[in-house]
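Engineer: Pasting in a structure now, in structure tokens, and then I'll have a few things to ask.
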Protein chains: 2
Amino acid sequence: MSDTWLNKVNWCADGLVPVVTQDVTSNKVLMVAWMNPEALRLTVQTGEAHYWSRSRKKLWHKGEESGHVQKVKEIRLDCDEDVLLLVVEQVGGVACHTGRYHCFFKKLEQGQWLVTEPVIKNPEEIYGQR
Amino acid sequence: MSDTWLNKVNWCADGLVPVVTQDVTSNKVLMVAWMNPEALRLTVQTGEAHYWSRSRKKLWHKGEESGHVQKVKEIRLDCDEDVLLLVVEQVGGVACHTGRYHCFFKKLEQGQWLVTEPVIKNPEEIYGQR
């Protein structure tokens, strides 16, 4: 497979693009992360979501520690070709490192960000004592 | 209303955060754009999505030209507090400037980005001749 599809993406100056990841079953937006070309290539090759961790400055196979991998069902690109959308099956039902189903668990209500989602699995149980 | 909720957002070095906008009815991800604090404040005050246009370098009331405004139903913040999620009613059923329902109309299939969504309304009809 040639890399034409990879070069079609308008990688930003820092070599990354934002990625929205959505659950194929619930349609909830699970998280937003970042990819570089290698992360996208690995995602396509393996069928599991790979991102670029901006904090750790390295490739990140989502679920590599937790087992909560994301099996990719669809990869989409937006009109400006600088944002990706992954539609995935979220293994383990936990996408967020806080142990919640998804990362968008704070909702603005009357000028306050209220936590609306429960912790499904304790992070210490997911990642072990750190 | 004090600005505590606005300061809670981890605005990036450039003063912006990415915003994912999702349709409350279909649950489809419509678009990804950017906000600065003023755009978020206006969104909350007016109940209609406002963004920061990075290309035009100005505040952007979504639908100001097209009439395709987004009526905001929910505003959510992610675990790292640096990405927003808007759940909206998309007036006119067209979120993309190409005249399509949503911006993620290209799907990766066998190493090609295929257009999977029809143009609902001709951009010239939406915006006039330019």
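Glycine residues also receive a Cβ, built from the backbone N, Cα and C atoms like all the rest.
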Engineer: Looking at the Zn(2+) binding annotation from TrEMBL, with B:C79, B:C103 already listed, which candidate in B:C12, B:C96 is the matching residue?
Structural biologist: B:C96
Engineer: Using CB atoms and a 10 A radius, I'd like the single residue among the binding-site residues B:D78, B:D80 with the highest neighbour count.
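Structural biologist: Within the set of binding-site residues, the most crowded position is B:D78.
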Engineer: Quick one: of B:C79, B:C96, which of the binding-site residues has the smallest count of other CB atoms within 10 A?
Structural biologist: B:C79
Engineer: Would you pick out, from the binding-site residues B:D82, B:C103, the residue whose Cβ has the largest number of other Cβ atoms within 10 Å?
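Structural biologist: Per the Cβ count within 10 Å, the most buried is B:C103.
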